Amino acid sequence: MAGAMRRHGCRRLLGTHLKDLLYTKHCVLFDCDGVIWNDEKAVVGAPEVVSLLKKHGKSVFFVTNNCTRPRDSYLHKFSRLGFSEIVQSDVLSSAYCSAVYLRDVAKVQDKVYVIGCDGVYTELHEAGVPVVGKEPDVPGATIYDCPLDSDVKAVLVGYDDKLNFLKLAKACCYLQDPDCLFLATDRDPWHPRPRGRVSPGTGSLVAALETAAGRKATVIGKPSRFMFECIASQFGVDPAHTVMVGDRLETDILFGWNCGVDTVLTLTGVSTLEQAQGYRDSPAPEEAACVPNYVVDTVADFLPALNEERKENPAN
Ligand SMILES: [Mg+2]
């Protein structure tokens with residue numbers, strides 16, 4: 001019925017419901033920023049939740065659009081913040097998945113012009129993808145005379161806190177070639193920063209280039225399905241037995257919807273319960289995709305059920 005209000009989703013996940021969910025799901029996907037940590041502080045209880053899930057035999061993966069670090073740097077951060085027994089294959093960042101896409105899907109032989117941080121450069125280098133963009137510009141170079149590399153056949157845009165006009169201009173020039181691939185690590189619009197500040201996200205940089213190039217980028221990170229396809233192809237994960245835990249409705253929850261997995265919104269990050277309920281109560285059909293199945297205040301809400309299950313199954 002046109003204009004009918006949705007009333008499903010946003011269910012509080014507590015007690016028996018939580019135990020039932022954990023029983024039926026064999027794989028748990030966590031976003032990182034705003035879910036298991038904020039900046040350099042772990043969400044209280046998050047390391048224990050991850051550890052207990054693993055002890056219960058669940059597969060745990062971390063799917064993050066944050067492309068600023070390579071995966072080995074993530075391992076250091078996990079360790080520093082008290083998470084134990086995390087291995088590199090548990091971590092899927094948009095930088096790593098962009099490298100996988102360029103190597104295994106696009107099968108690029110030519111060079112990729114990168115706008116991004118070290119995380120992107122390192123992952124592409126480790127995947128054997130030829131990269132340009134990191135080298136310093138010729139002193140005094142302008143958009144009229146800066147050198148361009150005729151071997152560039154793809155442009156990849158990620159988060160870049162050193163972005164300047166010359167970099168954007170070069171990318172625009174490469175994208176004039178209709179055969180030049182145009183990829184983005186993600187479309188996150190902005191990021192929360194300490195003391196109430198915010199910074200522009202990759203999505204804002206991608207929007208500038210899309211406007212200039214007159215075409216849309218292919219997005220590798222959430223909410224695109226590709227990160228899930230990376231996990232499913234390597235580890236045989238079944239969407240029906242998977243749950244995605246995230247803090248951003250338009251990224252994490254939409255990702256879960258796109259991949260056919262149940263979703264949990266945790267309220268320690270960007271999105272609020274009111275925003276989730278707003279999507280739920282909206283008459284716009286397309287907004288159903290941003291409605292989480294479940295809501296928790298924090299991932300620490302998983303602890304009682306996990307500890308209880310441990311007592312019931314002391315052999316685990
Ligand atoms: Mg997040």
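Note: Cβ is positioned from N, Cα and C throughout, glycine not excepted.
The active site, nucleophile annotation in TrEMBL covers Asp31. Secondary structure from DSSP puts Asp31 (active site, nucleophile) in coil. Within its own chain, Asp31 (active site, nucleophile) has Phe62, Val63, Thr64, Asn65, Lys222, Met244, Val245, Gly246, Asp247, Arg248, Thr251, Asp252, Gly269 as residues 6 or more apart in sequence whose C-beta sits under 8 angstroms from its own.
For Asp33 (active site, proton donor), the number of other Cβ atoms no farther than 10 Å from its own Cβ, over all displayed protein chains, is 20. What TrEMBL lists as active site, proton donor is Asp33.
Taken residue by residue with DSSP, Asp247 (Mg(2+) binding site) is part of neither helix nor strand, so it is coil. Residues annotated as Mg(2+) binding site in TrEMBL: Asp31, Asp33, Asp247.
The DSSP secondary structure for Lys222 (substrate binding site) is coil. Taken from TrEMBL, the feature substrate binding site covers His191, Lys222.
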Lowest local Cβ density among His191, Lys222, Asp247, which the record lists as binding-site residues, within 10 Å: His191
Neighbourhood of ligand 1 - recorded positions from Asp31, Asp33, His191, Lys222, Asp247 with Cβ under 6 Å: Asp31, Asp33, Asp247
